[in-house]
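Enquirer: Take a look at this one; I'll ask things after.
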Ligand code: RRO
């Protein structure tokens with residue numbers, strides 16, 4: 001029997017594939033669909049203190065090699081997602097869910113975490129430090145002093161399982177620097193990577209950008225992202241304390257891509273663009289394809305190859 005079981009922060013999951021924050025997780029209907037699929041579990045859309053409409057449309061576009069988005073954090077507000085998870089916890093006891101949060105400053109991050117603490121939430125918090133699409137606001141994950149300040153404040157308050165979603169890094173020195181900071185904190189996991197921020201996709205026929213916000217600049221997802229995502233997973237696995245797990249996100253289109261993320265060190269793999277394109281049936285396909293790769297290689301579980309990428 002081939003198993004794709006995994007564990008994050010001491011919680012067990014029957015599968016190692018789930019949605020990435022921001023895809024199929026905006027509304028109760030979308031979250032219901034993920035719950036009814038072969039996905040391990042769900043993470044909610046990154047929630048803010050108050051509901052947000054997000055950026056003007058068109059704000060998402062598929063491209064030949066992936067996608068560009070500038071959603072601008074549309075969400076129903078944290079209370080909505082906590083209510084949804086609370087009901088899910090009652091309906092399926094023993095199952096663990098992720099809630100993604102993002103504040104616009106450290107005070108808001110703390111207020112969001114206090115709201116989580118005041119609820120009956122029993123799952124894992126993912127703090128998004130990497131939204132690339134809020135006009136006028138840089139990605140927190142590129143400001144290492146801000147990351148330090150936020151994590152100091154967060155862990156002064158919050159001791160339940162918490163991971164962070166990071167932007168992609170592109171320089172080995174930056175991996176050294178950010179990993180040294182992260183290793184000071186009791187993080188459950190690091191999720192690498194968010195979309196590549198502020199790419200630009202062009203419609204040559206129309207001589208136009210594809211999306212409306214920010215003059216067409218947006219986060220790049222899909223196949224373009226895989227080498228960068230794998231580099232981030234592998235670089236972090238080499239640098240982070242072994243107690244900090246890794247969720248690999250970026251560029252997954254098939255079971256071999258999931259296998260590659262795990263080989264580089266991912267404990268769980270999230271899918272965004274391909275989920276947006278194919279819908280929740282993609283979880284069954286990816287799981288079947290991953291199992292086929294494992295069967296062909298003679299692996300019975302993901303621990304047999306996790307983090308075992310060979311270098312030359
Ligand atoms: O909502 C978005 O525009 C968005 C977010 Br919060 C994020 O973390 N990553 C992304 O590509 N888009």
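Every residue gets a Cβ built from N, Cα and C, even glycine.
Those TrEMBL annotations? Automatic predictions, nothing curated.
Pasting the feature list from TrEMBL:
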DOMAIN    5-294  domain 'Dihydroorotate dehydrogenase catalytic'
BINDING   45, 69, 70, 71, 72, 73, 128, 194, 195  substrate binding site
BINDING   45, 46, 128, 165, 193, 222, 250, 251, 272, 273  FMN binding site
ACT_SITE  131  active site, nucleophile
Enquirer: According to DSSP, folded down to helix, strand and coil, what is residue 128 (substrate binding site)?
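Expert: Looking at the DSSP assignment, residue 128 (substrate binding site) belongs to a strand.
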Enquirer: Considering only the recorded positions 45, 131, 193, 250, 272, which possess a Cβ situated under 6 angstroms from at least one atom of ligand 1?
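Expert: Passing the 6 Å Cβ check against ligand 1: 131.
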Enquirer: What residue among the binding-site residues 72, 250, 272 has the most other CB atoms lying within 10 A of its CB?
Expert: 250
Enquirer: Fill in the CA-CA distance, residue 272 (FMN binding site) to residue 70 (substrate binding site), as an integer in Å.
Expert: 14
Enquirer: So which one is it: of the recorded positions 131, 193, which has the fewest other Cβ atoms within 10 Å?
Expert: 131
Enquirer: Can you give me the average pLDDT across the domain 'Dihydroorotate dehydrogenase catalytic' (5-294), rounded to a whole number?
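Expert: Mean pLDDT for the domain 'Dihydroorotate dehydrogenase catalytic' (5-294): 98.
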Enquirer: Does DSSP give residue 45 (substrate binding site) helix, strand or coil?
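Expert: DSSP call for residue 45 (substrate binding site): coil, neither helix nor strand.
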Enquirer: If you measure residue 131 (active site, nucleophile) to residue 193 (FMN binding site) at Cα, how many Å is it?
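Expert: Residue 131 (active site, nucleophile) to residue 193 (FMN binding site), Cα-Cα distance: 11 Å.
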Enquirer: Taking only same-chain residues 6+ apart in sequence, whose CB is under 8 Å from that of residue 128 (substrate binding site), what do you get?
Expert: 21, 46, 100, 101, 102, 164, 165, 194
Enquirer: Looking only at 45, 69, 70, 71, 72, 73, 128, 194, 195, which the record lists for substrate, tell me the maximum pairwise CA distance in angstrom.
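Expert: Greatest Cα-Cα span of the listed binding residues: 16 Å.
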